[in-house]
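Heads up: the structure comes next, in structure tokens.
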Amino acid sequence: MICLTPMVSLPLVTTTDSESTGPRKNHLLNWSLDQLKDWLQEQGQKPFRAKQIRRWLFSGRATSFEEMTDLPAKLRAQLEEHFAIFNATEAVVSKSKDGTEKILVRLADGGEVECVLLRDGPRRSICVSSQVGCAMGCVFCASGLDGVDRNLTGGEILEQMLRLQQRLPADERLSHIVMMGMGEPLANLPGVLSALDVARSEDGLGISPRRITISTVGLPPAIDKLAAAGIPYNLAVSLHAPNDELRSELVPVNRKIGIEPVLQAADRYFHASGRRLTFEYVLLGGINDGDEHARQLSQILRGRSVMMNVIPYNPVAGLPYRTPSGAAIARFRAILESAGVNVNFRQRKGDEINAACGQLRRNRGEVKATK
């Protein structure tokens with residue numbers, strides 16, 4: 001267990017071009033490499049400068065065009081006139097004793113999302129949001145309490161990554177990306193894939209697809225589209241229950257889908273990508289943590305190449321759910337392992353700053369308890 005300590009909340013005001021008066025500039029992170037090359041040619045500049053600019057953003061961690069010292073002064077002035085590197089502000093930065101850091105990012109239109117940097121030994125992982133809010137309605141999760149406003153652009157997703165990277169010392173680099181922040185990533189597949197295309201590229205963050213995980217409640221058509229994209233990202237399916245009756249209570253979107261179609265789509269993704277599947281299961285005390293639940297879960301996973309990530313519930317103020325007892329957790333694990341299921345109980349990180357699984361939220365106001 002992690003010893004809980006009071007939250008350290010550090011208000012951070014960051015001035016960006018998006019805050020200035022006058023016409024809003026183009027968000028540079030929304031522009032593809034080809035679009036940037038075309039723009040450079042229109043400005044009378046060489047197209048190869050596009051990769052130089054990318055390297056400054058992702059490897060050089062530049063936050064202004066003036067820092068891009070190997071670019072001609074005229075080009076730096078042109079970039080400054082037309083583009084903003086960042087299009088949002090850091091409203092609040094919170095840091096926990098275990099090294100986890102969370103940023104509340106305020107977007108140009110006033111929307112807010114949260115993203116997290118997790119430190120675990122040599123690993124430097126980031127948890128990134130894909131939507132402002134979430135429409136999936138999982139009853140125990142903070143992210144969907146206020147519904148969903150809109151999808152994030154690829155640039156807004158990349159901006160979260162860069163802001164989290166800036167929290168690292170110069171001799172450290174990001175190692176893993178998990179699309180497990182606010183929102184349903186597969187409900188914003190174009191934005192997510194465009195951001196990850198940059199994140200995995202050599203002139204981007206250079207992170208292998210094998211170190212990138214996309215989480216989903218299980219949207220079969222979108223899972224098939226992800227498979228068709230042909231990039232072997234890790235897929236994590238949020239299951240949370242071993243039968244349709246209970247899952248439909250906890251994950252309302254299941255009423256329109258059902259567990260079996262989700263499992264079949266996950267199987268298709270496994271065969272297309274060659275990547276072992278991960279299933280996520282938030283363990284709720286007295287609700288889905290019983291011996292029979294564990295046995296049913298073992299049955300539906302039998303014969304599948306999977307890793308089962310079990311996450312003891314991280315409390316959300318105002319919601320009527322609790323973390324299971326130590327005895328219930330131990331029994332649940334024992335039943336899964338005795339059935340041959342590869343199981344990992346996720347270590348709690350960042351819960352003291354509401355940065356743990358299921359705690360990310362855009363509105364920290366009063367929570368109305370759900371039934």
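Quick reminder: no glycine exception, Cβ is built from N, Cα and C everywhere.
The feature active site, proton acceptor is assigned by Swiss-Prot to Glu114.
Under the heading active site, S-methylcysteine intermediate, Swiss-Prot lists Cys357.
The feature [4Fe-4S] cluster binding site is assigned by Swiss-Prot to Cys134, Cys138, Cys141, with sequence analysis given as support.
His240 (S-adenosyl-L-methionine binding site) falls outside any helix or strand according to DSSP and counts as coil. Of all Cβ atoms in the shown protein chains, 25 besides its own fall within 10 Å of the Cβ of His240 (S-adenosyl-L-methionine binding site). According to Swiss-Prot, the feature S-adenosyl-L-methionine binding site maps to Gly183, Glu184, Ser215, Ser238, Leu239, His240, Asn314.
Summarising the annotation, Swiss-Prot assigns disulfide bond to Cys127-Cys357. Cβ neighbour count for Cys127 (disulfide bond): 28 (other Cβ atoms within 10 Å of its Cβ, all protein chains included).
Annotation comment: Swiss-Prot describes 120-346 as domain 'Radical SAM core'.
The record assigns Gly183, Glu184, Ser215, Ser238, Leu239, His240, Asn314 to the S-adenosyl-L-methionine binding site, and the maximum Cα to Cα distance across that set is 19 Å.
When Cβ atoms from all protein chains are considered, those within 10 Å of Ser215 (S-adenosyl-L-methionine binding site) total 22, not counting its own. For the binding-site residues shown (Cys134, Cys138, Cys141, Leu239), fewest C-beta neighbours within 10 angstroms: Cys138. Summarising the environment of Asn314 (S-adenosyl-L-methionine binding site), the number of other Cβ atoms within 10 Å of its Cβ, over all protein chains shown, is 22.
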